[in-house]
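J.: First, the structure itself, so that you have it in front of you.
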Amino acid sequence: MSDSVLSNPTRQHATLREILARRDWENPACTNYQRLPAHPPFNSWRNVAAAHQDEPSQRLRRLNGEWKFSYFTRPEAVPESWLQQDLPDSATIPVPSNWQLQGYDTPIYTNVKYPIPVNPPYVPEDNPTGCYSLTFKVNHDWLSCGQTRVIFDGVNSAFYLWCNGHWVGYSQDSRLPAEFDISRYLTTGENRLAVMVLRWSDGSYLEDQDMWRMSGIFRDVTLLHKPTVHLGDIQLTTPLSADFRHGTLDIQVKATLSESEAKNYRVHAQLWRGNNLIGETRQAFGSDIVDERGTYHDRASLRLDVTRPDLWSAELPHLYRAVIALETAEGELLEAEAYDVGFRKVEISNGLLLLNGKPLLIRGVNRHEHHPQNGQVMDEETMRRDIMLMKQHNFNAVRCSHYPNHPLWYRLCDRYGLYVVDEANIETHGMQPMNRLSDDPMWLPAYSERVSRMVQRDRNHPCIIIWSLGNESGYGANHDALYQWIKRHDPTRPVHYEGGGANSRATDIVCPMYARVDEDQPFPNVPKWSISKWISMPNEHRPLILCEYAHAMGNSLGGFARYWKAFRQYPRLQGGFIWDWVDQALIRHDEQGNAYWAYGGDFGDMPNDRQFCLDGLLFPDRTPHPSLYEAQRAQQHIQFVWQAESPCELRVTSEYLFRHTDNEQLNWHITLDDKTLVEGSLPLKLAPQATQTLTLLESLPTVDRAGEIWLNVEVVQPKETAWSKANHRCAWDQWQLPIPLHLPEASCSKQKIPPVLRASDIYFDVVQGEQHWRFNRQSGLLEQWWTADTPALLTPLQDQFVRAPLDNDIGISEVDRIDPHAWAERWKSAGLYQLQTQCVAIQADQLADAVHIVTEHVFRHAGQILLRSKKRWQIDAYGVMTVDVDVDVATVLPSLARVGLSCQLADVAPQVSWIGLGPHENYPDRQLAAQHGHWNLPLDDLHTPYIFPSENGLRCNTRALTYGKWAITGNFHFGLSRYGLTQLMTCTHHHLLEKEKGVWLNLDGFHMGIGGDDSWSPSVHCDDLLTATHYHYRVAIQRH
């Protein structure tokens, strides 16, 4: 390697070997060569009207499409000739894309553990390398004057760039743009860009996020042409008066011009509201005096005052349009830039995070950029769909976890209305200790650029209300330095950072992850107090917003309603961000070509964290998990209180801070089981934060039969919005009405046929008309039930105390070690999956109009009786079999998963009908969104297709169930599934499940909660555990 390359890193004709010998990708002080300074996105319009109307700029040219591509196992394997021409065996690859999804290399999913040996700043010698090239032409007018830039919006993880064989530069940080001036290398006719992308770099140690590790040019590549004298940076702020009636648009402009040229140019600024010009101003270059050395010659400050501006919020995302034009002193336009502007003020005052003077309640979610087919390549349709789904399900905020997003994301959040936490691309979770790099000054340049460049790119977006220094990187001096940098360069927004215990000096907000409502987690040095306790700690006056909570992995989000009760109770608990938005599964195909969802390890990737990437509220195709409805219901902006029966009064409160309910209609109806007794609707007109009492009826309706009476209310939006269709339901609630019933005598038109008991040495047989029951005297089980000689059971009806473990039951045992505290491990250790059943008593009696049978079973493990179940069976003259079950539980057992009955039915009927909670899956600690009603669904719709199979599909608090010929009444939870317990426990992927004969029926008198505060430690609230020593329940079953 020649000394000239070391002393002059910008030497353009250095050989490939000389450049690679520098090993820039293993030098944390070297984050780039020749990369241009960060700035907001530029379009360089040459027409002010086009800038105002946001028309496509003629000076912006996408280079997305098919590029030439060659793959190598290490950068040193790339031949020198590639700099000048494509290799004979080069293929094509789409740009943007991740090369691991195009047939090269392997995607790796890991959460904490680094996918490479930890030896910062060094990375493996075998470092997969992708060599891209594109041949393109440039217009003559671009070559004759001005500057041509190439912009890479996202390349993972580091890359070198050549143009026509000349070395242009180097860059790393996969989530922010890298922009280079290539003007001097371009020629008339064809030009060639060559990009060498390295999978691993020292930057990889700062990108240890919980996600798939993939590589390549995965965001847009663009050519931008600017005039010789051009705009270099623009910063917009919108200070408001104390009463929010007057606003100012402050514009700070920096241009690329010399001191002698400055007098020849000026800046022209316009502010538009739609097609109405609100104001305009012009200003020559030259700043105010800064210090004893003078002024900035290349800067200009402009100001436009606005009276009674329409303020921006997520509820009412009012936007203006600012056009900033660079002109000659005579008024000739050189170029123009334009940005959406939202007038709003973010501040922390008296311990509260305020927007426009109102305390926010963050209804937030963490979102990775993930597409099941395209990996980390995001398209506009997917981004819009995510935003619309968030808005439809009452989210008002999103955290860009854990890196700056595609630039379009912020524009869409501005326009649709979402509060954004913009997060720097820094995570060192796998370091030991975690702050190893964060407290090392050698890594300060890399940290600094990742934070400062994010702020410089994104600061003009009104949707961004909080800056984040990164995620799970411990806490060190680098964080303190960057916190201070942001506070100086953008004092209009608070800074958030969770590391170091969530309440360090580098955060304006106490922002823990997975702190619980009422349980302390006193980890050494970084305790997680219960959230209500945290805000009452001495000298703690900051607001608390959970940066992550409610880990939505698989069948989860149990106990979610408790968080929202606390948020509404304590003003300084200002909400949080659910983890997370979408399951990060990728589409893969089996040997037969069938597509399936793949997770960690499915590509042969090592190391991997298996299905820990499946923790979203949505499936990868954006189909909702049932837990999404729980979030929607808990976060709804309209709250209801049932006040009185006569007259029937309802108190309705709006939690909107800025929005009048001008597109809301309240619908209500009162039902008796499956019958609507009375209903009505009325427009809902509420001012922000207002309460109104509505009289629905003067008196409640009378009823003439037994049943449960419910008042159901919902709020719909009759007109479509930018993010929802007409009649979108945005809020709902219901109450069981305590009405005394005066019922007539019960009567039954069905003919009474007393059952007959027949006893043999092996069986007790009971016959009633066409019905025939058989109890095995040895096993004590209901072995078969015939109707007109057709058998109804494939397996006996028997006790069930376990479930196919949820991710929350398995905990960290599913990753890399066994956790004896996990519920699944406790159940295994207790022997609940290997119980030996013995019938210790069975007795049958013939009564006048019924047969009465008593059975008693004990359940042993390792010789010890753990459970005892006594059942009283009564078969009456109408063919109804009633089962009273009493279960005694040994005190040595952990909480049971369920106490119930299970069997395999022979019938496979298409529809299921029930009266109880529905229509979607619900569990004892996740049923806020479910409603009591009469529901009908196809059998297959009762199953939730979690990618990693587990217990699913329960419906709680059921009063009546009808399935085929079966009719069951009582007070129970039920599940009907084509997949049995054994298969759900042993199968690793949903697509491998095979429908079994018949249908499995679970009837639970009791079911343990599912938890969801997190997925790696037991999180089911004590109220939702089954820790009693005795349980009793009853069901009545008949066949028609």
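Just so it is clear, glycine is given a Cβ too, placed from its N, Cα and C backbone atoms.
Quick paste from Swiss-Prot:
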- Glu548: active site, nucleophile (ACT_SITE)
- Asp210, Phe612, Asp615: Na(+) binding site (BINDING)
- Glu427, His429, Glu472: Mg(2+) 1 binding site (BINDING)
- His368: site 'Transition state stabilizer' (SITE)
- His402: site 'Transition state stabilizer' (SITE)
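Describe the structural surroundings of these features, if you would.
T.: Counting every protein chain shown, 24 other Cβ atoms lie within 10 Å of the Cβ of Glu548 (active site, nucleophile). DSSP assigns Glu548 (active site, nucleophile) to a strand.
For Asp615 (Na(+) binding site), the Cβ neighbour count at a 10 Å cut-off comes to 24, with all displayed protein chains included.
In the three-state DSSP scheme, Glu472 (Mg(2+) 1 binding site) is classed as coil. A C-beta separation below 8 Å, combined with a sequence spacing of at least six in one chain, links Glu472 (Mg(2+) 1 binding site) to Asp208, His402, Glu427, Thr428, His429, Met434, Glu498, Gly499.
If you draw a 10 Å sphere around the CB of His368 (site 'Transition state stabilizer'), it holds 21 other CB atoms from the protein chains shown.
Of all the Cβ atoms in the protein chains shown, 25 others lie within 10 Å of the Cβ of His402 (site 'Transition state stabilizer').
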J.: Given Phe612 (Na(+) binding site) and His368 (site 'Transition state stabilizer'), what distance in Å do their CA atoms have, once rounded to a whole number?
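T.: Distance (Cα to Cα, whole Å): 14 Å.
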J.: Cα-Cα, whole number of Å: Glu548 (active site, nucleophile) versus Asp615 (Na(+) binding site)?
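T.: Rounded to a whole number, the Cα-Cα distance is 12 Å.
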J.: Please report the number of other Cβ atoms within 10 Å of the Cβ of Phe612 (Na(+) binding site).
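T.: The answer is 24 other Cβ atoms.
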J.: Taking 10 A as the limit, how many CB atoms besides its own sit near the CB of His429 (Mg(2+) 1 binding site)?
T.: 19
J.: For the recorded Na(+) site, enumerate neighbouring residues of the same chain (Cβ within 8 Å of the Cβ centroid of Asp210, Phe612, Asp615, site residues themselves excluded), in sequence order.
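T.: Nearby residues not in the site list: Asn111, Met553, Trp579, Asp580, Gln584, Asp609, Cys613, Leu614.
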J.: Beyond Glu427, His429, Glu472, what residues of that chain have CB atoms within 8 A of the centre of the Mg(2+) 1 site's CB atoms?
T.: Val112, Asp208, Gln209, Asp210, His402, Thr428, Gly430, Met434, Gly470, Asn471, Ser473
J.: Give me the Cα-Cα distance between Asp615 (Na(+) binding site) and His368 (site 'Transition state stabilizer'), rounded to a whole Å.
T.: 11
